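A short worksheet on the structure shown next.
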């Protein structure tokens, strides 16, 4: 082998060695970068822990009034009142109104932050319940009632200028009344599901408290929360629990319920007609409600949710039977004729019972005969129910 070839081979070997060294150096560099990144993250975490340990708490207070542009009288949570100044006043001037909750520095008592209003946990529980996904197409036989309800609740929230142009005041609230099982709560859930608004679901019986004044306070906080989180829809189910007719005699519990009703009447008069707070009430006993609650200006529209007629029963049956595995044709009209006097909940029960008959027969599909058997079975159960008679509101 010549000298030139030897030199060439040696140069190639050196090049290969250098390439391997370069690759190894790159790997070491990448590992070093990863280590630096991890150390930085650990350093930041340690810094946060140190800040948390060294953090000095703040006092919560309430603004009573402003003395001038920069000084405020604030009542601290532990009792004393102070004249204080505000850090970054220009950014917070419009929020420092009487009643605003603020945090104060422990040493200088300077206003540092503005807190949201205090909300009772009961109110948060009202907002936590999800209405679910309910479309108007899932409600059968109530097209007129849906239109009337949407006119009262949706239009003022979505297109308020329409009422200003026409020159009328938007309705404040609506009462849904009718026999049990006709879809009053389902209508409210559909409104909540299809409307981009906050939704408070209130069970009226849960508001009543054994301590005097507590029930009225919950009503005040409920409407206060609704005003702060507009647009908001308040749905009060079983309103007859607190909205019953007032009378002079009664126990202390009856008087507490009457005080709760008076607070509700006061709050319903309180908010502006075109504000984005609407109230829906539901009951199956409209005859026991107080006349002051029913008057226009509080509940402007009363919508009766009646038992479905034959066409309505067919619609409801088709909606509930849509997801059922069926074999052969099903004559919904014949089933609806047999189900005279049934409400929507009964018709849903008919579909469930039809499925149970199919399971009992060890089938994975439902036939028309199962629906007929289910209707007859539900008719026997309906005989146990009492009939509720009341006049239209």
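Positions of Cβ are set from backbone N, Cα and C atoms, glycine also.
Feature annotation from Swiss-Prot assigns ATP binding site to 178, 179, 180, 181, 182, 183, 184, 185. Mapped onto three states, the DSSP output places residue 185 (ATP binding site) in helix. Taking the Cβ of residue 185 (ATP binding site) as reference, residues of its chain lying under 8 Å away and at least six apart in sequence are, in sequence order, 237, 282.
For the binding-site residues 178, 179, 180, the ranking by surrounding Cβ atoms (within 10 Å, all protein chains) places 178 first. Cβ neighbour count for residue 183 (ATP binding site) (all protein chains, 10 Å cutoff from its Cβ): 24.
Each residue in 284, 305, 343, 344, 345 lies on the same chain as 178, 179, 180, 181, 182, 183, 184, 185 and has a C-beta within 8 Å of the C-beta centroid of that ATP site, without being one of the site residues. The Cβ of residue 181 (ATP binding site) has 343, 344, 345, 346 as same-chain neighbours under 8 Å, each 6 or more residues away in sequence. Cβ contacts within 10 Å of residue 184 (ATP binding site), excluding its own Cβ and spanning all protein chains shown: 26.
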